[in-house]
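Look at TrEMBL and you will find S402, K408, E409, D438, K631 tagged as UDP-alpha-D-glucose binding site. The Mn(2+) binding site annotation in TrEMBL covers K632, D656. Taken from TrEMBL, the feature compositional bias 'Polar residues' applies to 8-17. Under the heading compositional bias 'Low complexity', TrEMBL lists 53-63. Summarising the annotation, TrEMBL assigns region 'Disordered' to 1-72.
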Amino acid sequence: MMARRASSPASPVTITVSSSGGKGGGDGAVRRSIGLTSPVPRHSFSNTPDSPAAAARRSSRGVSSGGGGRYCSMAANDESQELTSEFVRYTVHIPPTPDRQAAAEEALEPESRPQRSYISGTIFTGGLNCVTRGHVIECSADGASVAKSTGMFCKMKGCDGEAFLSGSKPPCECGFMICKDCYLECAGSGGGQCPGCKEPYGTVTDEEDSASETEDRPLPLTSMAEFKAGRRLSIVKSMKGAPNQGGDFDHNRWLFETKGTYGYGNAVWPRDGNGGGGVGFKGFEEPPDFKGRCRRPLTRKKGVSQAILSPYRLLIIIRLVALGLFLTWRIRHPNHDAIWLWAMSVACEVWFAFSWLLDQLPKLCPVNRATDLSVLKERFESPSIRNPKGRSDLPGVDVFVSTADPEKEPPLVTANTILSILAVDYPVEKLACYLSDDGGSLLTFEALAETASFARIWVPFCRKHAIEPRNPEAYFGQKRDFLKNKVRLDFVRERRKVKREYDEFRVRINSLPESIRRRSDAYNAHEELRAKKKREEVKEDVSEPTEFVKATWMSDGSHWPGTWFSAAADHSRGDHAGIIQVMLAPPNSEPVMGTAATQENNLVDTTDVDVRLPMLVYVSREKRPGYDHNKKAGAMNALVRTSAIMSNGPFILNLDCDHYIYNSLALREGMCFMLDRGGDRICYVQFPQRFEGVDPSDRYANHNLVFFDVTMRAMDGLQGPMYVGTGCIFRRTALYGFSPPRATEHHGWFGRRKTKLFLLRKPTMGKKHDREEKDIVLPPIGDDDNEEGDVESALLPKRFGSSATLVASIPVAEYQGRLLQDMAGAGQGRPAGSLAVPREPLDAATVAEAISVISCFYEDKTEWGGRVGWIYGSVTEDVVTGYRMHNRGWRSIYCVTKRDAFRGTAPINLTDRLHQVLRWATGSVEIFFSQNNALFASRRMKFLQRVAYFSVGIYPFTSIFLTVYCVLPAISLFTGQFIVQSLSITFLIFLLAITLTLCLLALLEIKWSGITLHEWWRNEQFWLIGGTSAHPAAVLQGLLKVIAGVDISFTLTSKPATDDGEDALAELYMVKWSFLMVPPITIMMVNTIAIAVGIARTMYSQFPQWSKLAGGVFFSFWVLCHLYPFAKGLMGRRGKVPTIVFVWSGLISIVVSLLWVYISPPAGARRDYMSFQFP
């Protein structure tokens, strides 16, 4: 089917992307010499001559890469030329579209071609030994419809003519679109008014036209070298002088001619902007503070109050001393009556003290941070000399959303996440969203297409009425008053319309599985009938069964190139081609205002609302048998490469499919840290995870607030929080494995001696540098004479792969992520306004290049997954990735916003929660036995940061001692012995001191972190539940992988679908049996039986030892209190207990009773009752 379409007359254009060695790449014949080029010239990201884009163009001029080769521009007489490449042959077939005909394409000049690319209606596929194909699934009817979709038509009522552009802009500065005829009617002889802003039109001359073009350009800074000796400093070089004037501007002369007034040493600014004291004189005001914007910080650090922090640190020292004295006393006073019981208890207590110290030391320096969004807007989105129109100078952000299985991750949940991203409060032209479908499912693809369609209604509605949150499911499901802070009269009416549209959207999404299945069955039945007719025509035996593969069909009647419902060759979950579909094309750089609401078209009146949408891309990387695809880490690295070629945002936000943007200003909050002073050393900004749908009592500590609000805040005071897998804004160059511009090495005890490193200064030959890890430094940009830069540039393809486009995008991303030049401490900054330029358009060549970098073999013999991108080899790739960045000297920031930045879902079912904890703990064990152990960290990592990462790797091993310690009270009650010889006053004082200091530390942590006592207690309970169930299994699995090489595989955590009513917590009461439940059940049963046995033994004993009974019962009761949520989870809904629980309880009770009778037989019983003799 695919081969036939490739050779059909509908696909006459063939472009060869180099390659040899591939079987499916074609026969080498080149039908046409048309290159995959954009109809619009591909300009750089910056117009400044010293930007890296210009250097990248100089370095890669004439070369553009494919995934393993180069694009070969071949003329008609070059058909016999032999292609010499070392990789797979790719052929791109582009069918003709309504806005690009094959015959007319050759006749048209580049200037007369359509200015809009058709890539948003084309699905691109390709991969190993198969053609890279562009298949048009939806396209505009003609060029006029394309223009109308982008707002390029006359907005006068009753007129739909093509917009008249003066140069490349509308005739009025307000941007009101108007056709030439309407413009002549309104302008008349030059005194008419613009229908949009009601301001008079001006006559545009050639000089003004050229001047306006000059205004759009970033202006160069004036260098002090231009001032010559003896020259007056009041004369500066004019940036845009008139043709009849000189190049210098004399301020003194201007003040004299305009009657400017001087004050004490400075020019006094009149209130009306004019000098003199004439009739309209209004007095004077303070001159504007031009440098205030640079001095005001974007962020500030607020330390915890010393009234809380000082007692907190003092209590840590007191408890540490108490633990030392207690352990010393315990070792010096053994229990000779039960030495084995004493030895086990002392070993456990020593380990507990050690693990508590590892957990407590990183909490010595907690901090809080705050941002100032008004300064961000003033500095990057206000008119200035270099940005006269006030276009956004913020850097671009690429948002990654990952999903793998539409059955466990419902498409409606993913769709709501995408909608919240598209509606975020960030410049539209600087935002791009990429969805990674690692399962290659048609269900996810069509759900994303429906999402893109509904976004045209939802996003303008959110912008107009400032909707929060911008997830429609969460917004319409709120219980609070939706009229709060809403002042527009049309809000209720438009909300009702959008709510009705969303309900229909939900129905369409939920019915997609059945719709796709029925459509595929119909097409397959038709294909089967055609196959039978062909057999009848050739007179074959029709009674024999027909060999027919049931395919999955798209809505346009073509085969889905991804995974089919019935697995087949090249169409299974682990064997399918790479797919890229641009659902929403990159928007225009200028705002496009909407139109009034009508019954036919718009549901929302968007007259004064920008209706542009960010770019939205569907990506499914290629998968083939025999290749290790590295799970989520491999999918994220594929998105990094794809986005580098298509949008190349210098910052990346990654989200899970069930984590949506709850605060529309979250991206701006993160950018405040990245763009503030010292932000060039920040590798990522981590946001806390917040969860919805959790039961009110938080039975299984799903909110995990002790970690997110205590541990992560404390790590923020060191070198930064660890990366937790979602809700994180990355610096792209940090993901590429580059070192920070500046770093600090820590030497001596506890790293007290520091050495500053400036890594932008490349080391000279002959000097020795003691580095634990070789630094990757970006080569100098635009320096053709630098030999070291040439060597470094030559090494980049070996690290990042054979795509020259990807390599050329690296310095561009680094340049766009720099701080501003006028900011204090910015070593190599960029000039203000350098990013206020339009993004280069997408074309077919760019998407074909992106297809090549998501192939299954692209990462071979590169450093992807080893140093570049997300790190491979661990179940918890997130922690390892963040650790590697901190190890190079980067630092991270923890951003806690007043309104939660992101919200997601958590598994509320006990079994799912235990499996989630099992995966985390197994990853920690892998880290402990790998080179990522903090014991091997470099000197650039702070001492306490090492302690924090070492604690992450070692905490699962605490479960071994914890399980033993939970059984010791039961053993004590069974045997009548205790961990000490007798309950002396010394032992009780030590125990009381340790317990009181622990409680006081908890209260102070609650005070400075803002959590509640209930949340702290839930965390303590689940610490013991996880420590006796999932953590021991994780240690066993980790040891099996390290020693025996047994691979570890995990299933996805199921994401709960959005349900209403009382079924929202149905999974909470569902009991799914798992062998992880056996250890906690055993511990509960043993301790319960032991309490009964101990009481009975003491009551009927001739010499009762009540002190030992009290000690044993106290510790057993402590264990049972921690396991109470686990026991409650086994009861299910309304006390229904599964039969398997009764079976295991009975077996455990029988075994424990027999063991007790054997260990401590009744008085007068014979000792040989357990011996066996033959009759």
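Just so you know, glycine gets a Cβ as well, placed from its N, Cα and C.
Annotation: K632 carries the greatest number of neighbouring Cβ atoms among the binding-site residues K408, K632 [cut-off 10 Å, Cβ to Cβ]. Candidates S402, K408, D438, K631 (binding-site residues) were compared with D656 (Mn(2+) binding site); those inside 10 Å Cα-Cα are S402. Same-chain residues at least 6 positions away in sequence with a Cβ under 8 Å from that of D438 (UDP-alpha-D-glucose binding site) are, in sequence order, S402, T403, A404, S620, R621, H629, K632, A635. Within its own chain, K631 (UDP-alpha-D-glucose binding site) has E877 as residues 6 or more apart in sequence whose C-beta sits under 8 angstroms from its own. Counted within 10 Å of its Cβ, the other Cβ atoms near E409 (UDP-alpha-D-glucose binding site) come to 22, all protein chains included. There are 22 other CB atoms within 10 A of the CB of S402 (UDP-alpha-D-glucose binding site), with all protein chains counted.
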